[in-house]
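Peer 1: This structure is in structure tokens; I'll ask about it shortly.
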Amino acid sequence: MKNFIFNHPLISDKLSKMRDVNTGYNFFKQLLTEITTLMMYEVGKGYELEEISVTTPLATTKAHKLKHNFVIVPILRAGLGMVDGVHNVIPTARVGHIGLYRDEKTFQPVEYYSKFPQTMDDGHVIVLDPMLATGASVIKAISLVKNIQPKKPRSIKFMGLLGAPEGLKALNQAHPDVDVYLACLDEKLNDKNYIYPGLGDAGDRIFGTK
């Protein structure tokens, strides 16, 4: 298990704009895409390469490419806002989807939709959700990824924008084998389980809804 909290001036600058209540949804989504792309530099470390032969205009030479398939799994709906940022770096990554809603009696996430590429059991998976609040939805989503195929993915990583210490701790305890990458770890959860100071409802701000 690895927790990586980014400390980068470009990410910090863009994140401050996302937090601003006056930032419109188009710019908000653009900033989320840009931060996701920047984060992929670190998320992509450690993936295996294989040697290939490439013909340049001058010669044939040895080169390297990513060895295994990649699948990104956004948690609906806010996770969709991070897909383009990953595709900017790994355009061949296939996309699975997980839809969850909260049971009003148990307050636990319940699956209402999931669909995954057949390459899940032969590649690396990155689960996407901008907000890691209580951690319940992310924990549920990762459990679904682990159980959907008889053969597990080679690796599973989680990538988010903001996290609360409570959610990070819960995720680490539930899935100690999953590396976690966050652009920022905020102060706490408030009494409504929103990340504080946060940036509001990420899904609403991405899609311009209320």
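Glycine is no exception: its Cβ is also placed from the backbone N, Cα and C atoms.
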Peer 1: Swiss-Prot has Arg77, Asp129, Pro130, Met131, Leu132, Ala133, Thr134, Gly135, Ala136, Ser137, Asp201 down as binding 5-phospho-alpha-D-ribose 1-diphosphate; which of Arg19, Arg102 does it also list for that site?
Peer 2: Arg102
Peer 1: When neighbour density is defined as the number of other C-beta atoms within 10 angstroms of a residue's C-beta, which of the binding-site residues Gly135, Gly200 has the lowest density?
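Peer 2: Least crowded of the binding-site residues Gly135, Gly200, by Cβ count within 10 Å, is Gly200.
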Peer 1: Using DSSP reduced to three states, classify Gly135 (5-phospho-alpha-D-ribose 1-diphosphate binding site) as helix, strand or coil.
Peer 2: coil
Peer 1: Using DSSP, would you call Ala202 (uracil binding site) helix, strand or coil?
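Peer 2: Once the DSSP labels are grouped into three classes, Ala202 (uracil binding site) ends up as helix.
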Peer 1: What's the CA-CA gap between Gly135 (5-phospho-alpha-D-ribose 1-diphosphate binding site) and Asp201 (uracil binding site) in angstrom, rounded?
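Peer 2: If we compare the Cα positions of Gly135 (5-phospho-alpha-D-ribose 1-diphosphate binding site) and Asp201 (uracil binding site), the gap is 15 Å.
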Peer 1: Provide, as an integer number of angstrom, the distance between the C-alpha atoms of Ser137 (5-phospho-alpha-D-ribose 1-diphosphate binding site) and Asp201 (uracil binding site).
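Peer 2: If we compare the Cα positions of Ser137 (5-phospho-alpha-D-ribose 1-diphosphate binding site) and Asp201 (uracil binding site), the gap is 15 Å.
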